[in-house]
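For 1-140, 546-618, the entry in TrEMBL reads region 'Disordered'. Marked as compositional bias 'Basic residues' by TrEMBL: 110-128. Feature annotation from TrEMBL assigns repeat 'WD' to 353-387. Look at TrEMBL and you will find 570-581, 606-618 tagged as compositional bias 'Basic and acidic residues'.
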Amino acid sequence: METAPKPGRGVPPKKDSPQARRKKPRRYWEEETTPAAAGAAPGPPGKRARTREPRPQRSQGVHGAPKSRFCKKPRTPRSAPDRKKPPRTLSGAQDPFPGPAPAPVEGARKFRRIDKSKTLPHSKPKTRSKLETAEAQEEEASVRAARAELLLAEEPGFLDGDGEDTAKILQTDIVEAVDIASAAKHFDLNLRQFGPYRLNYSRTGRHLALGGRRGHVAALDWVTKKLMCEINVMEAVRDIHFLHSEALFAVAQNRWLYIYDNQGIELHCIRRCDRVTRLEFLPFHFLLATASETGFLTYLDVSVGKIVSALNARAGRLSVMAQNPYNAVIHLGHSNGTVSLWSPAVKEPLAKILCHRGGLRAVAVDPTGMYMATSGLDHQLKIFDLRGTFQPLSARTLPQGAGHLAFSQRGLLVAGMGDVVNIWAGQGKASPPSLEQPYLTHRLSGHVHGLQFCPFEDVLGVGHSGGVTSMLVPGSAEPNFDGLENNPYRSRKQRQEWEVKALLEKVPAELICLDPRALAEVDVVTLEQQKKERIERLGYDPDAKAAFQPKAKQKGRGSTASLVKRKKKVMDQEHRDKVRQSLEQQQQQKQETAKPSGARPSALDRFVRARDSIRDDP
């Protein structure tokens, strides 16, 4: 007996009813309904039946070889396009030049700071892996720097005389030939009532500090001619120098050393630095080096306000001083014709160079740290090589002798002789200047008392008895600057952030030495000496290799005979290694003592061969 179905159960609703028009909510276990599956029954999904395709019948061999679980078919290597396809762009086209851009070999060699000719030492695997990682990072950094060199759009300037001697070109001719912005960089300040003047540019090349012998001190933005401060200290000023930024500058007055800010307010008076004649600032160490009449070289740490070291040069009055920008070594010129090189970590000079027959008048070191220029009372101007030889490369006799010397960022050398300024140029940035023919010559209204090239600007600042003169010297400065290190256009906030970063990266004064690359190497002599002293103090060698102790084995293999056998095997292997090393050393000694193949035979060689044959016989 069939019963009528209840309404709502199994009976499809009518098409026009609101129940049919309403969309049924989908549960989380239900899948998206398609027109094909619209009539499926509601409820949780059951197991779907899998439709398996029939397996192809394998052809049995003649002998019916059994199955093997290893695949006998050799694997075919994938082709290069299958392994890695070149990436596609947003438009869908393939990159015709995949991978990183190739870097020029010469450019990478210029930025490389490691010597790849030296082989890595035979050290422990962990240490060797660290050295290899550091070397790979240095290589990658040099390649990136060479690749980014294309972004340096500025090029150094030059002076073309069209066959005419460039030394005869006047400053007025240069000012008329350049653009208005460059012509505004040439000016004269008539300050005869307070002269003679010493001057100093900030590291960014934007600000200029002036110090007159009669007490006049001023600081200004020389590009916009905006005066920051101007005071009269009512005392003789012997030298002036900016510190790590243009916000602070040091003034060597008649009695003590003073620190002022850019508003002209006196911040500090360092009485331990008295009767100072010359100032030099080491920017990466935050050290202010002072040379005094008493013969002392003093290093002042301006970040903490303490005297790092005070060295007695024992050479009388110190009035000639320069720093090497490459290794931060101070060069002092003395009255006996020698130049001494100093570091705050050593009480004695690192080196002494006999340069002239008379006293020294001026010393300057180029930015690469490879060449040093000196002038003496014998009217000689000499260029020395500082790469370990300390030998003179060139010399020139000047009519009056140079009282002041300075190098530019691109290796130009300027000498002040009375009221005349001569500039010599070389073949490039890393080449010594040629002293045969001057590059530029200029006559001033007074005797020269201070010289310095402006960083990142083709400008030479000259302080003389009549005031200050700004000269145009094409090709003297580096055209591109590092915006994260020396940014001439930085704001006050950027300068403050740079100061914090520079203080965190401050280099200790103990690391100043002649060769900065030696800091990354191992001092083998000192290490061996310390190891020997430690052995004598303890009575035994704590780093000695322990005797071999075989591990006990299970299941009857750890018998006494087996242990002795393994010990003897290790001892024999160590003995063979020692014998092999001794034989290799003897072979090397024989090769060193042997005569070269190109030498002519001698009649006495037969006695040597006879002696060797007698030694070889048992």
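Glycine too: its Cβ is placed from the backbone N, Cα and C atoms.
Because TrEMBL annotations are produced automatically, they should be read as predictions rather than curated entries.
Counting residues 6+ beyond its ends, the repeat 'WD' (353-387) has Cβ neighbours under 8 Å at 320-327, 331-341, 393-407, 409, 411, 413, 415, 429-430, 432-433, 435 in the same chain. Confidence in the repeat 'WD' (353-387), given as mean pLDDT, stands at 94. Each residue in the compositional bias 'Basic and acidic residues' (570-581) gets a DSSP state, and the totals come to 12 helix, 0 strand, 0 coil.
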